[in-house]
Every structure is written in C-alpha cells, then in structure tokens.
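Structure first, then comments.
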Amino acid sequence: MARAGPRLVLSEEAVRAKSGLGPHRDLAELQSLSIPGTYQEKITHLGHSLMSLTGLKSLDLSRNSLVSLEGIQYLTALESLNLYYNCISSLAEVFRLHALTELVDVDFRLNPVVKVEPDYRLFVVHLLPKLQQLDDRPVRASERKASRLHFASEDSLDSKESVPASLKEGRPHHPRAKCTEALAKQSLVMDADDEAVLNLIAECEWDLGRPPGSTSFSQKGREADSRGSQESRHLLSPQLVQYQCGDSGKQGRETRRSSCRGCCLEKMPWSQLCGELPPLYGAEPEASRAPRPHTYFTPHPDSMDTEDSASSQKLDLSGEMVPGPLPAPGKCRKRRMPVGRFQTFSDQEGLGCPERTHGSSVPKESLSRQDSSESRNGRTLSQPEASETEEQRSRGVTDTREPSPGSHSALPGKKTALQAALLETLLDLVDRSWGGCRSLHSNEAFLAQARHILSSVEEFTAAQDSSAMVGEDVGSLALESKSLQSRLAEQQQQHAREMSEVTAELHHTHKELDDLRQHLDKSLEENSRLKSLLLSMKKEVKSADTAATLNLQIAGLQTSVKRLCGEIVELKQHLEHYDKIQELTQMLQESHSSLVSTNEHLLQELSQVRAQHRAEVEQMHWSYQELKKTMALFPHSSASHGGCQAC
C-alpha cells in the first residue's frame with residue numbers, strides 16, 4: 001500500500017495549476033480534474049480545496065496517500081472517482097461518499113479498506129444507488145440485492161437494539177405491560193427451592209394433609225409454603241400476570257404489591273375451622289365425597305395494598321355468586337394471593353361447618369379467591385355442594401376483615417361504615433332467604449337482592465377507582481407540567497442567550513458592512529481620479545507626438561518613391577526582354593516555313609520512290625511466277641537423271 005508521508009493538504013491554487021484554469025475563471029466550470037501522485041508529492045488530505053468544484057464530473061486522485069476523504073462531499077455532480085493506490089483504511093471514510101449520489105464509477109483498489117473490511121464491496125454498492133462499476137468490475141444485480149438484504153437486516157437489528165432515548169422518554173408506559181416485562185425477565189426454570197416443594201408433595205403422596213413420615217407436618221408445611229411463596233413469581237402464567245398487573249391507573253400500587261409477594265403463607269389446619277360435614281340430601285356419590293387437597297391462605301393477603309389504595313378499597317365478592325360473565329381482570333386482581341400460587345381445599349371439608357367458618361380468622365377475600373380459583377380450574381360441583389359453597393361464600397364475605405395495624409390507620413371512616421352496612425345487609429339477606437334445604441342458586445328473590453347489592457358495590461368501587469385514577473393522572477400531569485415548565489424556562493434562557501449572541505453578531509456584521517461601504521466609496525473616488533489622470537495623459541501624448549508623426553509620414557513617402565523608381569527600372573528591362581523575344585519569334589516563324597516547304601518536296605520524292613519500288617516488286621513477282629511454271633514442266637527428266645547417276 002502507498003505510505004502516508006508528511007501531511008500535504010490539497011489547495012485551490014494547486015487545483016488551478018493542475019487544471020490550467022486562469023486566476024479569474026470560475027472553478028465551477030471545470031468538469032474533469034486529474035491530480036495523480038508523484039514520488040515527490042503525495043496528497044494526504046483534501047481540505048476545502050474542492051468546495052468550488054460544484055460542476056466536476058470526473059476526479060482522478062490515484063497514487064496519492066489520502067487517509068481521509070473529508071471535503072469530497074462538495075462534489076455533488078461527480079460521476080467518476082479514481083482513488084486507486086491510496087491509504088483509505090476504514091468504512092467511515094468511505095461513508096463520506098454518501099452525498100455523491102451521481103457516482104457511477106469508483107475505484108478503491110490497493111487501499112487498505114479493501115483488504116481489511118470483508119463487507120466493503122456490499123457496503124459501497126448499498127451506499128451508492130447509481131453505481132455501475134466498482135474497482136474496475138461491473139456491479140451485478142445479485143450484488144445489489146445481497147447488499148440490500150444484508151444491510152436491511154442489520155438496520156432492523158440496530159433499530160431494535162438501540163431505541164433513541166427521546167422515544168423511550170416520550171412513549172407512555174402501560175403499567176400492565178411494565179409488570180409483564182418485569183416478570184418475563186425473571187427465570188422460569190425450577191431451582192432448588194422448587195424441587196424441594198415438589199419433593200415434599202411427592203413424599204406426602206400428593207396429599208399435603210398427611211405428614212410425610214416422621215417429620216413434623218406443620219414445620220415442613222410452613223417451609224414448603226414459604227419457599228413456594230418466594231418462588232411463585234417465577235411460575236406465573238401470562239394470564240395470571242395480566243390479572244395481577246391490574247389497570248393502568250394502579251401502577252404504583254402494583255409495583256409495591258410485587259415487592260411484598262415474598263410473604264410466607266400461613267398454614268391453617270382445617271380441623272380448627274370446621275368439623276365433619278353433615279350429610280345433606282341423603283347419601284352422596286363417592287366421587288363427590290372424595291377427599292381433595294387442602295388450600296392454605298394468608299391471614300391478610302391485601303393488607304400490603306391498603307396504604308396506597310385506601311381510596312380504592314373494595315369488597316371482593318366472587319363472581320360465582322350470581323350467574324353472569326367473569327369480572328374484568330382489574331377486578332379479579334384482589335381475589336388472588338399476592339404470590340400467585342393456589343392450592344385446593346377438599347370439597348367436603350371446605351363445605352362443612354359454616355358456623356365455625358363465620359367466626360374463623362380466615363379472611364373473606366381468601367374464601368373468595370378459593371371459589372374463583374375453583375371456578376377457573378373448571379371444577380363442577382353437585383347441587384348440594386353448590387348450595388353449601390354458596391352459604392360458605394356468603395358467610396365468608398360477611399366476615400369482618402382484620403387488617404394489619406399499619407393499614408388499619410389508613411382506612412377512612414366512611415369506607416369502614418359502608419363495609420359494615422354492606423356486610424350487615426348481606427347477613428340479613430342470607431338469614432331471610434336461606435333455610436338450609438335448597439340451593440340459593442334457584443332462589444330468585446335472593447339473587448335479585450344480591451345482584452342489587454353487588455351492583456351498588458361495583459358502582460362505588462368503580463367510582464373510587466376512577467377517582468383514584470383521576471387523582472394519579474392529575475398528579476402525573478402536574479409533575480409533567482412542572483418538568484415542561486422547567487424545560488421551557490431552560491429553553492427560554494437558552495433562546496435568550498442565543499438571541500444575545502445573534503444580536504451581537506448582527507451588530508458586528510453591520511459594523512463590518514459600514515467599514516466595507518466606506519472602503520468602497522474610497523475605492524470609487526480613487527478610480528474616478530485615476531480615470532481623469534489617464535485622459536489628461538492621453539491628451540498630452542497626442543499633442544507631443546504630432547511632429548514625430550509627420551516626419552514618419554515623409555520618410556514613409558520617400559521610401560515608397562524609391563520603391564516605385566526601382567519598379568520602373570525593372571519594367572524597362574522587362575520591355576527590352578520582350579522585344580528580343582519578339583525578334584526571335586519572327587526568326588522561328590521563317591525557319592518553320594522553310595522547313596514546311598522542304599518537307600513537302602521530300603514527300604513528293606518519297607511518293608515517286610514508292611511508285612517505282614512497287615513496279616519493281618510487281619516485276620519480280622511476275623518473274624518468280626514464270627520461273628515456277630518453267631520448273632514445273634521438267635520434273636520427270638530431272639528425276640530419271642538423278643537415278644542414273646545413282647547407278
């Protein structure tokens with residue numbers, strides 16, 4: 001590769017010298033420029049020398065030592081660029097050609113970037129859409145398609161990985177999506193604690209109501225439940241995540257709730273809550289009396305939410321009390337345990353002893369969660385079981401909630417009075433409507449009144465939720481308004497600073513303009529003075545040179561007279577020569593006439609000689625014919641005479 005020697009920046013004077021343009025011609029007229037490197041001088045930087053070459057279409061900078069292409073972006077009309085045997089080593093310098101959209105032919109051969117960058121050719125093809133030839137090789141359609149696919153995939157990956165901070169700040173964050181993202185980032189693979197829970201269930205033979213061996217059941221149950229509560233965040237299904245995240249107005253509350261999900265589940269033996277289930281409606285099928293696994297609930301599952309949701313507390317009444325669609329995910333949120341893990345009570349044990357359930361320490365929300373979880377898991381109860389479940393649900397709902405000391409102080413008196421009145425109304429309704437013989441599912445009067453109570457509760461909770469959401473929105477808007485005001489103040493300060501700078505610069509520009517005007521006036525005055533001086537000097541020169549011009553005219557006339565005299569002499573000589581030629585012509589004419597007469601005489605003599613010769617020839621022909629006739633008369637005599645001589 002060409003070595004980069006001492007720094008040599010191309011200058012506009014060198015461009016003019018190489019192109020042959022005069023100092024007063026515009027560089028924009030130049031269309032072709034060739035500045036190849038030599039052994040003495042090799043250009044390393046372009047500088048701002050090409051700024052005025054806006055009409056240049058062909059540029060040859062081969063065999064130089066260019067390490068940077070800064071300054072080439074001014075050649076917007078360039079079509080051919082030759083950078084053969086330079087020192088361009090990175091794609092960042094090649095990227096400076098992106099402004100030259102008219103490039104058709106580019107040559108980067110013997111540059112380090114060709115050998116160092118594996119995607120160099122695809123990069124250049126993608127960078128220049130009109131490129132037809134690269135490094136003395138034509139650009140094929142397959143290469144253009146490959147470059148488009150290659151760099152389009154990289155752009156999509158970069159856009160996914162690097163989102164601008166302004167977009168991240170300006171984009172609204174939905175709390176449910178935020179909660180889902182936070183849970184999705186956590187591992188879903190079982191760790192040692194999950195394996196311990198599964199081993200405990202296996203040792204109990206899938207019945208947590210039976211202690212595994214000689215180990216204390218209560219101690220192991222607490223350990224397993226504690227581990228399960230700590231690890232349940234990793235086992236949440238997407239549907240459960242959506243239910244737990246809640247609506248967009250409760251983002252802060254749900255964030256604090258997720259931090260409290262590590263609380264331990266309290267194991268409560270069912271024998272303390274109720275006794276044996278008395279048989280109803282005679283003997284039940286074996287399948288309905290089969291024991292089911294127990295469920296354990298926390299004493300106060302929602303106590304952690306009361307400090308930030310006191311204005312939006314609502315009684316969690318299960319949607320299964322009345323026929324109809326399930327409540328919205330935002331309203332089902334409080335019927336789930338904070339840790340998101342459910343276990344199932346035995347149907348017979350869970351439906352027994354409603355009187356003891358009424359006075360137990362199990363909160364109404366836990367029983368409500370149990371019923372909602374059983375309905376979501378698809379369990380179908382028989383008519384007696386449904387009746388008892390309805391009774392248990394009703395009595396569980398009427399239980400007075402015992403919040404923690406921290407949350408008890410946060411509950412407003414109006415909400416407590418409303419809850420007490422609602423519970424009292426439900427108790428009276430259950431006492432009036434249910435006699436223990438029939439299911440409340442078929443009691444239309446009870447269902448109508450229960451629906452009325454539930455609708456009033458839902459309206460109240462909806463109003464509370466909307467007020468809380470509006471309050472939170474107002475707070476967020478106030479914070480946003482403060483931030484916008486502070487930003488506006490900063491922008492105003494910055495604008496004021498910029499305006500002061502611009503004003504100062506404008507004042508300085510006006511001052512410079514005044515100076516330039518004064519200088520222009522002085523220059524115009526000096527120009528007019530010089531013009532008047534030039535006119536006066538011309539007049540003086542004309543008056544002083546009059547005599548000299550006359551003398552010059554006389555000398556010129558004299559020389560012309562002499563020249564004419566010489567011409568006259570020459571003409572006289574030519575005339576004498578003409579006379580001599582005329583005499584010679586007459587002599588030649590006379591000799592010609594004599595020659596003609598001699599020629600005629602000779603022609604006459606020749607004709608006479610020809611006639612005589614013709615007569616002689618005819619005489620010879622006649623003599624020859626006579627001789628032949630004579631010889632023809634004596635052939636035999638001559639032959640016999642010849643034979644005798646032979647004998």
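Sequential numbering from 1, following the chain as shown.
Glycine residues also receive a Cβ, built from the backbone N, Cα and C atoms like all the rest.
Noted in Swiss-Prot for the protein shown:
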type: REPEAT; residues: 29-50; note: repeat 'LRR 1'
type: REPEAT; residues: 55-76; note: repeat 'LRR 2'
type: REPEAT; residues: 77-98; note: repeat 'LRR 3'
type: DOMAIN; residues: 111-150; note: domain 'LRRCT'
type: REGION; residues: 152-176; note: region 'Disordered'
type: COMPBIAS; residues: 152-161; note: compositional bias 'Basic and acidic residues'
type: REGION; residues: 211-256; note: region 'Disordered'
type: COMPBIAS; residues: 220-234; note: compositional bias 'Basic and acidic residues'
type: MOD_RES; residues: Ser237; note: phosphoserine
type: REGION; residues: 285-413; note: region 'Disordered'
type: COMPBIAS; residues: 366-377; note: compositional bias 'Basic and acidic residues'
type: MOD_RES; residues: Ser382; note: phosphoserine
type: COMPBIAS; residues: 390-402; note: compositional bias 'Basic and acidic residues'
type: MOD_RES; residues: Ser404; note: phosphoserine
type: COILED; residues: 476-620; note: coiled coil
| task | Just give the helix, strand and coil counts over the domain 'LRRCT' (111-150), going by DSSP. | result | 23 helix, 4 strand, 13 coil
| field | Intrachain residues whose Cβ lies under 8 Å of the repeat 'LRR 3' (77-98), provided they are six or more past its termini | value | 1-4, 37, 44, 54-70, 104-113, 116-117, 120, 123-124, 127-128
| Predicted model, mean pLDDT over the coiled coil (476-620) | 90
| query | Where DSSP helix means H, G or I and strand means E or B, what are the helix, strand and coil counts for the repeat 'LRR 1' (29-50)? | reply | 1 helix, 4 strand, 17 coil
| message | Please list the DSSP helix, strand and coil residue counts for the repeat 'LRR 3' (77-98). | response | 8 helix, 3 strand, 11 coil
